[in-house]
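Data block below; observations after.
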Amino acid sequence: MAAVLTMREHSDCVNTLHVSPDGRLIASGSDDKTVKLWDTQTGVCVRTMTGHSDSILAVHFSPKGRFMASVGCDTLKLWDIHTGACVHTITGHSDWVFAVHFSPDGRFIVSVGGDTLKLWDVHTGACVRIMMGHSDWVLAVHFSPDGRFITSVGGDKTVKLWDAQTGVCVRTMTGHSDDVTVVQFSPDGRFIASFGGDKTVKLWDAQTGAFVRTMTGHSDDVTVMQFSPDGRFIASVGGDKTVKLWDAQTGAFVRTMTGHSDDVTVMQFSPDGRFIASGSDDETVKLWDAQTGACLRTMTGHSSKVHAVHFAPDGRFIASGSWDSTVKLWGTSDLKCGPGSQFFAVFVQCNDEALGGYQALVRLSPLVSDVSELKVLYTLASLALKNGEIERVHVQYYIRSVLRRISKEFKFDKNSEVMTMLSRIILPRLEQDKVIDANERERLVHEFTKDNVFADFRYRTLEETVTLHSAQMSQLQTAVVDLNDHVSGLQTAMVLLDQRITNVAEYAIQVDAQVRAFKGLYRKHLKRRATIAAVTALISFIPYAGAGLTKILDSIVDFSSVVEIVTNAAELVGGAENIINAIELVGEMWADGALHASVRDHHLAAPQVAVMGMIQMITAMENSHALRELEDLKRKSRVPPNPAGSGRESMSDKLAQWKAAFNQMCAVTEVKELDVETAAHVAAELLCDRVEFERIKAVLRSKDRDRNNSISIVEFVIAMNALT
């Protein structure tokens, strides 16, 4: 038989798997140190949980499916199924954690490691109880169905019973002659079954600890043992390649199922107890009829050992995990392994086998699918109650469970025959017998009624209300966890942003220091107009210049002054290469696109790039003041020279006059630089009041590079040049 779905995302052996209580998800654990969640409808991996440092040995969903536990050597992790977040990482065992088991209400989880059991609170992750008493490794553990007790077995050949509330060992059962490796409570909690290296199954009374019986038949070690859902049978598999079945009531050996060609590593009963699925090292999964022992189906497709099988809660598929790193789903809907199948056929079998009232009630209640079957089940339960075979609490529990299930699945017209029978006969009879009360009867009548949209709100029981509110609280908790994750992410981002801001601030300080150094150089050499004119000519020639740029410079300028600028600039920033890098950082801030293109497109010598970089950084950081001055100089350099040279002499005279006036005022006031107000008066006198005083002050302030309200002789000359 071919698999319905094959899931392949594990990169190493799959050791364990578990189907969620609602049948929508499969959890698998692998030697690749990950736990994966799969959608059973599509086979898609919906979540991968990482964090274990070694192979995953076991995975278990909590009874309500809210959490999932994974075991990896010495670490137990609890995961939130809705978010995939690791809720708790539980450490504390000194040795490998061999087994875990959730309490029936999902509030606690028990783990075993070394010779110790530990009980943990699922919601807080706190260890609430430590149970010590075994003298050797503890190998298996199991909660009782009512959650009051825990049973454990180990290498000291004993079976121990612990009070889950106090952690006290209330019973120690001895009788095995070798290590005890498997243990389980019966579904009704009355018995404990254990299997040991002595190849025997032993049954113990859970109330008294008394030995009940021994069941033998295996010729090799047992790997898995399980009660049937109704508690009538015990099935086990092991290294002798067989599946064996015993009658739990009498201890009689029932049958051996053979067909595997290698060790049988895992098995499970179907939800209705009619079938057994087994997985083997022979790479196959087999489906057996528990009533006849016949092999109904052999499922092939795995290419390595099968070490995990699990039925869906409704029996519609079997999931298997293999050392070939895959998880496969096999359909069983044609065999009707789940609830709602063959009620009357199983009823006849119960009659033929002369089952007691409790066993029949447990076996038949999951199969009820309509009102007629409900009547038969209640009649059977009433007779068993009358004969003392069961207690009233059992009748109430199972009949209410059936009513709750089928009332949600089936709706009837108000005036239909079925609805009339329910409202006038069946439900009043159940109320009369105190199986349900008046409120429950009224609620069920409304819920069975077709198209009654108010039934859920007006007739919800306290239990259902609490369940609904619990679900809403779970959703709220999930939202809070998501919000906390977002807040944590935001906090991390803020820390990174703060670090980047700090880095930028530090870099800005460095750039500012370099700019100040460049400004000093620029002021120092600005008086050498020939050099500035040459640099301006350089900017004009760059778009057209190539390898011959150096010769052009040599012919039009005293290059030694340029070399001096470049040398000083390179020393300040650590070399011409750093200037080039600075130019790249400035990027789109460049005011001169042609300059940028020239650096990109031409192979310019390092001194040339250094000069351009110096001017460009001053341009970027000084609001383009330097660029405007250079452009002014460039325009003036393009004016045809005066043949008589009168313009040049006149300009020289003006410069001398300006400098003399400035120096004279400095001498009078005994300062090296003039404040803006004083410098403005000197300029106004030189200009013979042809320019407004406020304009003179504005121009002087624009030339004040240090913004210290102080004007140097160079800045004064530049301002006068601008004003004239």
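Just so you know, glycine gets a Cβ as well, placed from its N, Cα and C.
Automated prediction, rather than curation, is the source of TrEMBL annotations.
Per TrEMBL, these features apply:
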REPEAT    7-48  repeat 'WD'
REPEAT    49-89  repeat 'WD'
REPEAT    90-130  repeat 'WD'
REPEAT    131-172  repeat 'WD'
REPEAT    173-214  repeat 'WD'
REPEAT    215-256  repeat 'WD'
REPEAT    257-298  repeat 'WD'
REPEAT    299-330  repeat 'WD'
DOMAIN    691-724  domain 'EF-hand'
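Residues 12-13, 15-22, 25, 27-31, 33-37, 95-106, 109, 111, 113, 120, 122, 124-125, 474, 478, 481-482, 485 of the same chain, all 6+ positions outside the repeat 'WD' (49-89), place their C-beta atoms under 8 angstroms from a C-beta of that stretch. Of the two recorded stretches, the repeat 'WD' (7-48) lies close to the repeat 'WD' (299-330), with three or more CB pairs under 8 Å once pairs fewer than 6 apart in sequence are set aside. Mean predicted confidence for the repeat 'WD' (173-214): the pLDDT average there is 91. Broken down with DSSP, the repeat 'WD' (131-172) shows 0 helix, 24 strand, 18 coil.
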